[in-house]
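J.: Next up is a structure, given as structure tokens.
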């Protein structure tokens, strides 16, 4: 193509452990790898390059791995296997990603820009433009936990496009909101394209992807099914969707079940992750992290109920303590 590679996925796979209950998540931290629970491969051996200035669409049915790819691209989660190379600063636009519910819209803008390394003077200059673009009125001074999904998307999009990223990853952010805001977003995307920015566009809307993208990657149950020119791949995907929708419900359920069972099967070939050690937790790290989470939740319970620590423990059975100690898989069960 003659352009520099901006994003490279090399044999990338992402594995999640499947647990029967919440307490098993903590137990899994201390189990040997050979005794781990059943796994689910959200991505399996995915490889592609995205070049400087390209706009590439990611399409596929629910659970195909689109959002997993966008999260790995943006550094939200690491891959389990394979290598990811990102040449530039990435900004992920998805509904409520990185926004803090208790903070107001105004406070979230300031926090996000501070995290991008901006000085207070720079933030003050950008603030009016971001608020105007988001166009959420007086809600800018309200906690975003009270926002609708459309309002959160507006604010997230407005912040991200004003950070001037090299790579813009848009994950279903245009699926909410009215037509006026959608057109405003499309104009901004086209402006970014004219400036030679690299854009990854994740959407269920085939019309949006065809109109905005140069190439399309069609994900299907964690694997790449087709990749190529936008019109060609979009036509094949459209034909598949029409065919699938015509099938009886029993066949649809069987089809999806078979593919999900395939995603639970062990990876046949292992590709090393060069950065794996950066994400691996030692046994001591796991112990400290688990203890911190349990104590934090217990303390929060004490504050909420007004009980003493001794009184709480006397009323809490071992099973209840295990129920309290809930850890999210994405955050600490990474291998």
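Every residue gets a Cβ built from N, Cα and C, even glycine.
Quick caveat, the model's predicted, so the values are computed rather than measured.
Dumping what Swiss-Prot says about this protein:
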- 26-246: domain 'ABC transporter' (DOMAIN)
- 60, 61, 62, 63, 64, 65, 66, 67: ATP binding site (BINDING)
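Give me the local environment of each listed feature.
T.: Proximity of residue 61 (ATP binding site) to non-local residues of its own chain (separation of 6 or more, Cβ distance below 8 Å) is seen for 220, 241, given in sequence order.
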J.: Say we define neighbours as other CB atoms within 10 Å of the CB. Which of the binding-site residues 62, 64, 67 has the fewest?
T.: 62
